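Peer 1: Feature table excerpt (TrEMBL):
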DOMAIN    B:21-439  domain 'DUF112'
TRANSMEM  B:21-50  transmembrane segment
TRANSMEM  B:62-83  transmembrane segment
TRANSMEM  B:110-136  transmembrane segment
TRANSMEM  B:148-164  transmembrane segment
TRANSMEM  B:171-192  transmembrane segment
TRANSMEM  B:204-224  transmembrane segment
TRANSMEM  B:317-336  transmembrane segment
TRANSMEM  B:356-380  transmembrane segment
TRANSMEM  B:392-411  transmembrane segment
TRANSMEM  B:431-448  transmembrane segment
TRANSMEM  B:469-489  transmembrane segment
Amino acid sequence: MFRSYKSVAGAVAALVVAAGLSTGALGQSLELKIMAPAAPGGGWDQTARAMQAALTESGAVKSAQVVNVPGAGGTVGLAQFVNAKGDGSQLMVNGFVMVGAILTNKSPVTLEQVTPIARLTAENQAIVVPADSPIKSAKDLAEALKADPAKVTWAGGSAGGTDHIMVGLFAKAIGVDPTKINYVPFSGGGEALAAILGGKVTAGVSGYGEFEGQVKAGKLRLIAIAAEEPVQGIDAPTLKSEGIDLAIVNWRSVVAPPGLSDEQKKALLEAIDKMVKSNQWQETLKAKGWDDAYLAGDDFAAYLKNEQVRVGEVLKSIGLVN
Amino acid sequence: MLDSVFALAQGFSVAFEPTKLLFALIGVFLGTAVGVLPGIGPALTVALLLPVTFKLDPTGSLIMFAGIYYGGMYGGSTTSILINTPGESASMITALEGNKMAKAGRGGPALATSAVGSFVAGLIATIGLALFAPWLVEIAIQFGPADYFALMIVAFVTVSATFGDSPLRGLTSLFIGLMLGLVGIDALSGQARLTFGVPELLDGIEVTTLAVGLFAVGEALFVASRMKHAPETIEPVRGSLWMTREDWKRSWKPWLRGTALGFPIGSLPAGGAEIPTFLSYTIEKRLTKHPEEFGKGAIEGVAGPEAANNASAAGTLMPLLTLGLPTSATAAIMLAGFQQYGLNPGPLLFAERPDLVWGLIASLFIANVMLVILNLPLIGLWVRLLAIPQPWLYAGILVFAAMGTIAANPSPVELVMLAVFGLLGFVMRRYDYPIAPMVVGLILGPMAETQLRRALQISLGDPMALIESPLAATLLAIAALALVAPVLFRGLSRFKAEED
């Protein structure tokens, strides 16, 4: 009985705190609108909503609201977003996937038009095989791929997305023609995971978080992650340590509309900086298993340019973009 | 299994805590409300609540989310029946017979059979979830692309039940739907098809936009066009509001059959909630003792699909809880909810947090009971909607249809599509073309195409892969039988008649 009273008190307290914050008793005067260019539930939506909570609770902004504009790898949202020229109270969440989607969808609007603010999070990409697979390591997988690229079936996310790009890069890194890979796209992680668990495909590629539970339960074998350095808490070698020169992370970032004044840009950068350093944000990262990949302002702008070039090259070599 | 029963009893002790009951009540109430509004589905509601519940106790919030999920399934059928506006694709089939019943003054029994049917289905499916989850899920993941393709073929064979009087018109409608299904990025090659440079079309045509356009907008235009000459009379209530003895007799078997279809198909990672409703409708049409009523408001055609719809909702939770596989939009957001509390659904969740899992399952039972208690008294209120003068009622429907579409996809292109589909629906109604096959085509076409090509891609183009799996072969045989049997039987009976 005592326990339930306590949780009621907790609920009430949370509501009171939330109400207090929304009146803007503390913090700055910014009233932000954050666009998640995807349907509720996905990674971008979760990022936007985590930002909303952290921004308001840390008092970095007065209020924040999230708008979902789903469609076409975020390019529908992007096309709407660039119309908010000079509006310093809007942000949009995006990431690696959008870089590819702009190219594959031949989007008339590109990331050149937005004002880069900061990279926020990153997720490690992992390669798994079914637990009873004869493939024990990334080297085995590379050998199989060299022997007959078509026979190695890969399950992952949508065509042209992070997972597909990673498989293309994997082939390239071991000297196999990337156009020959047999990549089977699945919409949504669930279906792909089922296909890997059921042994319908040779290997699966996705964010480590998607596989974690199955790996720990011994139903999937984690053969490698695509990080630069070994990651604490993940019991697998990096591809680089296995002699395969490939590192890729699925990063998510936040951008602002085009045509901002220096002052507007500074205000947004400051708000995001305060958010990233707040306890709330750090707790969210831990809870969701996202890596802190904070990189702000001009450094992020340069990084973004670099990724665009890399992704463009891969998509061409896989044959997805002419 | 004894362990499961014991764990479930423990779960009930968690779920019966007063705060948990309160969370469940809030959940089912919110769920019913958003289910009634087209466009704002349970997925969006849970997404909106996630940040609010961050500081709340995890068990309580997850119980609330499950209540929203079940409640949304209940609410969705209400608009289907009363105003021919399916709030989500899984309740489209309900509109076929349900709305005809409502127009004939039998809205009360239609809502009642759907509420009680959902209750029965939800209850049985939740028991199934509690007892068999770990085993069933092993079978579910053995389903490969070839098996899914065979399942789609079975579903395609059943489409003819929605054709009405003329197979030619039904097929025309189906093929328009299949064509619309081609629009968008091809899932396997990543290339855009039939998008004409419109970015909004890249993700394909939203099923709810088509369904709401054809059903609700088309209907409103049709009614308006006949207002002057031959106005249709709607009888709000005729006879009892509640189900008669005859209604009960005609409903209970469809409830059970619907459950038997919905639960297993819903628990397949790519099964979905729509296919069991199609299958159920077809089976009820074949088995009914009142075939003449189908198309004019047969209660079996409401009872079966509604039960199938709700049973599949419980089925969806199975891969979510045991594997961490979200197989519907709402399940995906519930997964996000789990992660928010640092919980990873999957094979370890049952072992690591039994209190949470079994508390959730127990609260699904409670949510089910609450929903029936909440919904049955509301029926009297709902049917009064139909007493609103027609011009007002249909104007309201148009507003809700437009608002719902914009809420789901804030883009002018979506509204234009809604209007175009509305006009199309009007023309089809005017010339007696059935509209349901078109929506079925849009749902099944892309699914069947993707699974077929995926199966062939994995087998390196060998078509034998489609019948190598025993499951696929069995399903294809069922499809062939369903296609050929009626023709054979007709031939046989003619033969017999000649013999006499």
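The count begins at 1 with the first shown residue.
Note that Cβ sites are derived from N, Cα and C of the backbone, with glycine treated the same way.
Locate each feature and note its surroundings.
Peer 2: Long-range contacts of the transmembrane segment (B:148-164) within its own chain (CB-CB distance under 8 A, at least 6 residues past either end) are made by residues 93, 96, 170-171, 173-174, 265, 268, 270-271, 275, 278-279, 281-282, 285-286, 295, 432, 434, 436-437, 440-441, 444, 447-448, 451-452, 455, 466, 471-476, 478-479, 482-483.
Same-chain neighbours of the transmembrane segment (B:317-336): 41-43, 46-47, 50, 62, 65-66, 68-69, 72, 129, 133-134, 136-137, 140-141, 266-273, 344-347, 349-350, 357, 360, 364, counting only residues six or more beyond its ends whose CB sits under 8 Å from a CB of the stretch.
Within its own chain, the transmembrane segment (B:356-380) has Cβ neighbours under 8 Å at 7-8, 10-12, 14-16, 20-21, 23-25, 27-29, 32, 58-59, 62-63, 66-67, 70-71, 74, 107-108, 111-112, 115-116, 118-119, 122-123, 126, 129-130, 241, 314, 317, 321, 343, 349-350, counting only residues six or more beyond its boundaries.
Within the chain carrying the transmembrane segment (B:431-448), a Cβ under 8 angstroms from the stretch's Cβ atoms is held by residues 89, 92-93, 96, 148-149, 152-153, 155-156, 159, 162-166, 169-182, 187, 204-205, 207, 210-211, 214-215, 218, 270, 272, 274-275, 278, 425, all 6 or more beyond its ends.
For the transmembrane segment (B:469-489), the list of distant contacts is 142-144, 146-147, 149-151, 153-154, 156-158: same-chain residues at least six beyond its ends, Cβ to Cβ under 8 Å.
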Peer 1: Answer with yes or no whether the transmembrane segment (B:21-50) touches the transmembrane segment (B:392-411) by the criterion of at least three Cβ pairs under 8 A, sequence separation 6 or more.
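Peer 2: Contact criterion met.
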Peer 1: Quick one: find which recorded stretch in B:62-83, B:110-136, B:171-192 has the most Cβ pairs under 8 Å with the transmembrane segment (B:204-224).
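Peer 2: Comparing B:62-83, B:110-136, B:171-192 against the transmembrane segment (B:204-224), the winner is B:171-192.
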